[in-house]
Structures are given as structure tokens and as C-alpha cells.
Amino acid sequence: MKLIVLIFFLLFINLNYCLKIKEQPKVGGIDSEQPTNSFYIENGNFLMNNQGNGGSLNQYQIISGSFHYFRCLPELWVDRLTKMKACGLNTIQTYIPWNVHQPNGFNTELVATNDLIEFLRQAQQIGLNVILRPGPYSCAEWELGGFPYWILEQQPIALRSSDSVFISAVIAYWSRLLPLLEPLLFTNGGPIIMVQVENEYGSYGEDKSYLETLLTLLQKYLGQGDGNGSGVLFHSTDGPSAQMLFGSKLEGVYQTVDFGPMPIEQIQDNFKIQQTFASKPTPPMNSEYYTGWITNWGDASAARTDASVVAQGLDDILSLNASVNMYMFFGGSNAGFMNGANSNSPTTNFEITIQSYDYDSPLSESGDTTEKYFAIKNVIEKYIKPTTNSNSTLPPIPSNSTKVAYGTIQITQATSLFNNLANLVNSNQQQLQTGAPIPMEQLQQSTGFVLYETTMNIAQSSQLSITELHDRATIFINDEAIEDTQTIGQAVFLQRPFNSSIEITYPSNVTDDGNFNLRILLENQGRVNFGPYLNDRKGLLSGGVLSGQQYLGPWNNYPLPLTNKTLSNINNWEQIKDYTLSNTPTFYQATLSLNSTNDIGDTFLSFTGLGKGQLFVNGYNVGRYWNVGPQRTIYISSVLLHQGDNEIILFETLLTQPIFEIQFLNQPYFD
């Protein structure tokens, strides 16, 4: 009897031990003995089975908003995400720009992936699912549509195609990126419910081999995504036309459409078009419902869409039991040099996206709730359905940030670009001498400026012509800018695509043999991000510079990416009262002194009195400013400021007169 009891006791201990082993979760949070999360399409509806929320199967209406993590400082993510959740959203959508995570060349290690993963985890912790758009093409009014600059080093190359060179680069990138995302799929306990294949490809081409290659790669690393709860749901996004939907159609990929506010009859028509190539009923979904629009430098005014119009369109969409993603819900900023551009004709059109990506979104660039936010919230609350396994009460809305008008502060020091060339050339990028000026890409440079330098002679023609200019050039004769006779105090510049030639005046201080120095400061104003002209290399292209009918040369090429590292090397500072070189590209320095942490808040630098250039705050490249408008201020987050002295640096490229002061306001201004 004792033996039988002992045997049963040992069996019980062994069984209990086995059960404890089975209780250990897999990577990604899945319990090996529990049913996994699932998200799939059935009978024209999204169905979700969320084990972390009771495990019941429910219809799911996606109410999503776009938030690009790369347009917002990480310290501010939780605030923006929480405000999105508090508005009633259950999902967010974001791109993953290739140039953010693999900026340094083909087959190189990825960077900033921890930031991406942290962003996705924060979204999940706040209760938001994620629609992911991993590229390889993004658009997004972002530099080169998200492609890294080095992809253009290979010429010719066909982007967004089955071109073997392009595909090999995609494979090298995705083979590193996608495995990092797999544990974060909804079926693995993460927040990712949908993954987009390419981006609005129907507006671009019909290379099915390319799309099939992308889908095969996604399935290899993220699962088959069969639409029945296995893996992740793959989808595409296109405008509501049969032609566009045909261009991106792939077997097993759920097709969605995108459009802005319009009458409900047109919305219904668009959702009918969405079903054109569907083999079974699918949920109607607008995956880019436009809450605002793009603004470009030189526009008469910033793009605006009335809050009531946006809210009515959203109400109509949700009333049809359709799902929606609002593009954008929070826009953010194009920090550094990362704004995109558009061109529908290389010879007549080049539009540059402004530094602010406010987009007239429900959350402003500084993260403030707006009239549009509350109009949208009122609509969403009509459609939030309480369930037995979730609390439909929305969280409280976080307060808006403190805004401070620091007023006018004095410029204290200045120094010329030309006195700092050796300091500013990146240690990995040396000055090169070539027969003709070479593009940025051949200098292994992504963004910023290039200075081209050569020698001319007074015997040569004074008519200078640049054969192909991308994008903006300022001419210096013996280190002095050619002044604009129409706009006093500004330098003459050549601007793509409007003008590429100039009549120069010979200087009086030439050498004995008649030689003088010619310098051209070239600015990359943002690579094209959409359309047929994506192969947008930067610099002086196609032969270089003509004096009359003669090509000039040889040339010294100085790459000037103006990174945080190179910026710290600036020296030869002079007191502003003694500075006499303001008709050259100039760095200006000022100090914003904050006595305590209570003094720190968001602020806005006014462009008043400035020309065109770049703003740096404590070494951080905040972005471009330009007096053509309609953007008139540049947002500076309190995250960039600290107690004590804060260094403000302007790199001014347009004005030929010195700058003596700058002004900080407590609100943004747009024309």
C-alpha cells in the first residue's frame, strides 16, 4: 500500500513539474498551451481574438491615426500616444523609413532599431494596436521617400522595381529588420495587426514580380498571413480607382483605399471600388483619411482643412461600419534635413516640403489638442462599443505642454563657413579634387551642403551656366556673395528648376595672371519623395559648370553634412560687433540662459530678420528656416532645453548683412 502511495506521489510531482514547464511562455509572450491571439477577415469583417483581453472573438472596427515616430523626439512619444488613445483610437499607423535605420550603406548594420521597438511597445502598453508600413518605399514627404541616399550611387538603378541591384539591397535590409518585428506581431502577443506591402504602388507601376518578391520576403520572416488568423494580415493602400488597385493587386493581400473628406455618396462609391479585385467580401477601409495636407515652401498659405468637414467625413465612414486610419493624427516635424520634395516635371516643377509637418492634424506639431481633435473625439465616442471584456471609458487627456515666449536675445558671436572648412568636412569624407564637380552621392553624403571650388580667369566668359542644378546654389567670387540688386541685403542664388545661369562681375582683386576664386555653395533641399522622378541625385550634375561654352575645372569638392559631430568643431568665432564677413555663409551663436527648470518650456523661434538657413539647439539640428514662408516660426521642444546656458546656432546662407538678435515666441505662426 505504501508503495502504491509513493508511486502516486511521484507521479503527481512529475505531472506538476511537467505542467510548470508547459507554463513557460514563448518569446513574444505566447503561452504554449494557450490559444494565440488572432486577427483576420471573415464575411467582410475584421475579427479579433485577444487572449490578453479575455479571449473572446469580436468584430473589430479599426479607428486608427498615423504617428511617425521618426518625426517626434522619443521623450514625447507617450504624451502623443496617450492623447490618441484618449481620443478613442484603438490603433496607430506608422512607416519605417529605410534611411532612418540603414543610413550608412548597402549591407551595413541597422541603427536606431531599439527606438522603433520601444515605440511599438509603448503603443501596446497604452492599449493601441499597430498597422506597420515597412517599405521599402514610404513616400511620407520624407527625404527620398524613405530610401537611403546610397541606393542612388548605383547608376542606373530602377527604384521600386524588380531591378536586381535594387532587390538585393532590399533583401539585405529586410533580412535584418523583419526578424526584429516578428515577436511583436499580434499573433505573438505584440501590437502589430497589419503590415503593408510597398506603398500606393498602383500610383507608380505594375511590376508584379517586384511586389511578389516583397510579399515572399514578408511571409518568410513574418508568417504566411493567410487572412485566417495565421501570421499577420498583409494589406496594400491605393487611391480609389480600378487602375490603381490593379497595379498593386496580389493574391492573399487585402486591398484598402485612401481619400479625404467628401460626401457620403462618394465614400460609398470608393468602398465599392475597393472590392473590385477582392475574391471574397472584405472590410471597407480608408487607410489614409486626410485630416489636413502638405505645405510647401513658397505656398501662399499653410494648408488647412476645416475641423467640421473632417469630423463629418469621419462620421460618414464609421457609420458605414468601415474602418479608418487618419493621416495624419499627429504630424510632428521634419528635423534636420529630412523633409521631402515633389516634382512632376524635372524642368518646370520642384516643390519643397516645409520643416513643420504639422499637417493641420488633430494634434498640433507641439502635441497640443485642437478644435479638430475634439470634433473627432465627439464622433468616435458615438461608435465605441462597450464589451464584456474591456472598459470602453477613455483615459483622461494629458495636459498640453507649457509654452514660453523667451523674447529677444542677442547674437554674441559669428564665424564664416570659409574659415571652418577643414573643421566641418566629416572625418569619413575628405575633400576631393576632380575634373568636374561630383554629386553628393559620390561623396558618400546623404544631406546638407557641398562646397565646390575652382579658379577662373578674367579672360573667360562672365556668363556662368550650371548644366544640371540640384537644388540651390549661391555663387561667391573671392569669397564674397554676389548681391541681389532686387532684394537688398540678400545674395543672388540659382534655384532648381527656375534658373541655372548668371552673369558675374569680375572682382578687382585678381592675381597677376588674372585668376580669381570661384566657390559655389550647393544645398540639397530634400530629395523627391513621390512620382516618376525619384532618382533625385543632388549636387552639380551632368558635366558641371560652363563659362560661356567652356567647362570649368578642376574642382575641389567639400562635403558639408553639418552633423552634430562636425558642428562641434566650429571655431574662429568673432564677437558680433567685430564681424565683417556677413556676405559669406555664416554661423551665428547666441545663448538662451534659463535659471531654473521652471523656466523651461516649448518655444518657437521667429524667422523675422532671418533669411535662409539651419537652426541648431544644443547641437541638435532642429531644421530649416526660410523667409519665403508660409512657415514663420520653428518649433523647439522643451526636451531640447536645460537649466543653464543653451547654445543656439544659426547657419545663415542668404543674408549679406549681419544678424544681431533673434526672438522666441510662445506660439507658432504660419501665413
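A Cβ is built for glycine as well, from the same backbone N, Cα and C atoms used for every other residue.
The following features are taken from Swiss-Prot:
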{"type": "ACT_SITE", "residues": "GLU200", "note": "active site, proton donor"}
{"type": "ACT_SITE", "residues": "GLU288", "note": "active site, nucleophile"}
{"type": "CARBOHYD", "residues": "ASN228", "note": "N-linked glycosylation site"}
{"type": "CARBOHYD", "residues": "ASN321", "note": "N-linked glycosylation site"}
{"type": "CARBOHYD", "residues": "ASN391", "note": "N-linked glycosylation site"}
{"type": "CARBOHYD", "residues": "ASN400", "note": "N-linked glycosylation site"}
{"type": "CARBOHYD", "residues": "ASN499", "note": "N-linked glycosylation site"}
{"type": "CARBOHYD", "residues": "ASN509", "note": "N-linked glycosylation site"}
{"type": "CARBOHYD", "residues": "ASN564", "note": "N-linked glycosylation site"}
{"type": "CARBOHYD", "residues": "ASN595", "note": "N-linked glycosylation site"}
{"type": "SIGNAL", "residues": "1-18", "note": "signal peptide"}
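Minimal Cβ crowding within 10 Å, among the glycosylation sites ASN400, ASN499, ASN509, ASN564, is found at ASN509.
Its own atom aside, the Cβ of ASN321 (N-linked glycosylation site) has 13 Cβ atoms within 10 angstroms in the protein chains shown. Long-range Cβ neighbours of ASN595 (N-linked glycosylation site) (same chain, at least 6 residues apart, Cβ-Cβ under 8 Å): GLN643. All protein chains considered, the CB of GLU288 (active site, nucleophile) has 22 other CB atoms within 10 Å.
The Cβ of the residue listed as 'active site, proton donor' lies under 8 Å from the Cβ of CYS139, THR237, ASP238, GLY239, MET244, SER248, ASP258, each of which sits 6+ residues away along the same chain. For the pair ASN321 (N-linked glycosylation site) and the residue listed as 'active site, nucleophile', the Cα-Cα distance reads 16 Å. Between the alpha carbons (Cα) of GLU288 (active site, nucleophile) and ASN400 (N-linked glycosylation site) lies a span of roughly 26 Å. Ranked by CA distance from ASN400 (N-linked glycosylation site), the glycosylation sites ASN499, ASN509, ASN564 have ASN564 at the top as the closest. For the pair ASN499 (N-linked glycosylation site) and ASN509 (N-linked glycosylation site), the C-alpha distance works out to 28 angstrom.
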